[in-house]
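Here the structure comes first, spelled out in structure tokens, and everything after it is commentary.
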Amino acid sequence: MRPNIVSEAGLQTRAGQWWDNIPFLTSAVVIVCGVIYLVCLLVGYDSFYEICFLPEALVSHFQVYRIFTSIIFHGSLLHVFFNMFALVPLGSELERIMGSIRLLYMIILLATSNAIFHLIIALVVAHNPIKPYPSLMTECAIGFSGIIFSMIVIETSLSGVQSRSVFGLFNVPAKWYAFILLVLFQLLMSNVSLLGHLCGILSGFAYTYGLFNFLIPGPSFYSAIESSSWLASCVRRPKFILCSGGNPSAYIPTYSGQNSPSSGLFSGNIWRNLSSWMPQRETAAQSIQEDSRFPGRGRTLGAGQNAAVNSDSNLQARLLDNSNPNNTSDIAAAGAGQGLSNERRSPVNNAVAATAGGPVLPQGPVASNEQIDKLVSMGFERTQVEVALAAADGDLNVAVEILMSQQG
């Protein structure tokens with residue numbers, strides 16, 4: 001029994017973590033659609049003809065509410081399950097980019113445009129003089145899948161990929177990905193609304209190519225909604241994503257020419273743009289900084305801290321090893337392994353040899369009295385200062401390192 005209890009606890013924990021990672025609006029849509037389906041199932045409601053999107057009802061009775069009721073009702077358990085299963089990754093990614101309120105506005109906009117496209121196509125096809133199909137006017141469509149097809153088009157455009165995998169079986173060009181899914185679902189499943197999915201694809205392309213730009217409000221609109229008192233309880237939730245935290249132009253992906261300004265996130269690869277928001281590890285070229293207050297080349301303290309520690313510990317180990325005066329070559333090899341430069345390696349070896357009593361290599365220029373006095377004033381003995389400066393070829397920094405290692 002114990003392994004089963006542990007396994008169940010692990011599954012519950014993973015399920016909780018998965019749910020916690022879903023942003024606010026996406027999880028809210030999943031809950032709303034799931035609860036509505038359960039309520040309909042419990043009370044036995046199946047009169048979907050009253051709430052579905054019905055072109056004839058919009059034309060004859062102007063029942064505009066069907067535009068929005070049709071997307072939150074579902075006809076079966078598999079219907080709502082597959083729609084929500086597809087919504088979670090798509091909605092989560094788009095919500096993290098746009099923000100919760102902006103994504104809600106986009107869903108409303110897409111639902112409206114889907115309905116308009118659906119109505120126009122149904123009217124044209126049903127009343128065309130060549131071969132009319134009046135059945136399209138009485139076709140009842142429900143479900144969130146039309147919005148999902150729009151999101152597929154938008155997300156594919158944002159990803160910047162050239163091809164997409166269809167269920168891991170084969171790759172297709174990215175621009176045809178949504179149409180391939182449309183055909184596959186139509187062939188594999190029954191009672192699928194071809195026109196509803198097609199209109200979702202058309203709305204996604206219209207949104208992506210900027211045809212809805214004139215309907216998109218500015219950032220101040222979303223900020224005003226987020227700062228309102230009636231939404232304060234939602235905004236305080238950790239899963240809620242503020243629109244003001246992202247790119248001001250992130251609400252609309254537009255294709256622009258070379259002469260037009262870039263549209264931020266949506267003009268290129270989404271991952272390349274998102275990575276620019278993340279802290280980057282400093283490279284060697286970036287570590288070289290110049291400040292007007294401190295002219296010249298410098299390095300950050302963190303960049304040289306480990307090297308300084310290794311250098312000090314190496315010097316201490318070599319200076320304390322006085323038992324064998326013939327270790328000069330071994331010490332020099334160890335010093336090279338610690339990253340000392342060629343110019344600084346020989347002075348240090350000379351200082352080690354002088355301290356250990358071994359032979360001293362030829363010295364560089366003799367240190368000046370000013371340099372000696374400067375180091376003596378720092379508290380070092382004059383004899384040690386002279387030896388260190390001679391070993392360091394007159395380099396004060398190297399001499400200080402040698403003297404400090406001797407003090408340790």
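Placement of Cβ uses the backbone N, Cα and C atoms for every residue, glycine included.
Features reported for this protein in TrEMBL:
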type	residues	note
DOMAIN	367-406	domain 'UBA'
TRANSMEM	21-45	transmembrane segment
TRANSMEM	65-91	transmembrane segment
TRANSMEM	103-127	transmembrane segment
TRANSMEM	133-154	transmembrane segment
TRANSMEM	166-188	transmembrane segment
TRANSMEM	194-216	transmembrane segment
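When Cβ-Cβ distances below 8 Å are used as the criterion, the transmembrane segment (166-188) is approached by residues 149, 152-153, 156, 159, 194, 197-198, 201, 204 of the same chain, each at least six residues removed from its ends.
Scored on C-beta pairs under 8 angstroms, the neighbour of the transmembrane segment (194-216) with the top count among 65-91, 103-127, 133-154 is 133-154. For the domain 'UBA' (367-406), the DSSP counts in helix, strand and coil order read 29 helix, 0 strand, 11 coil.
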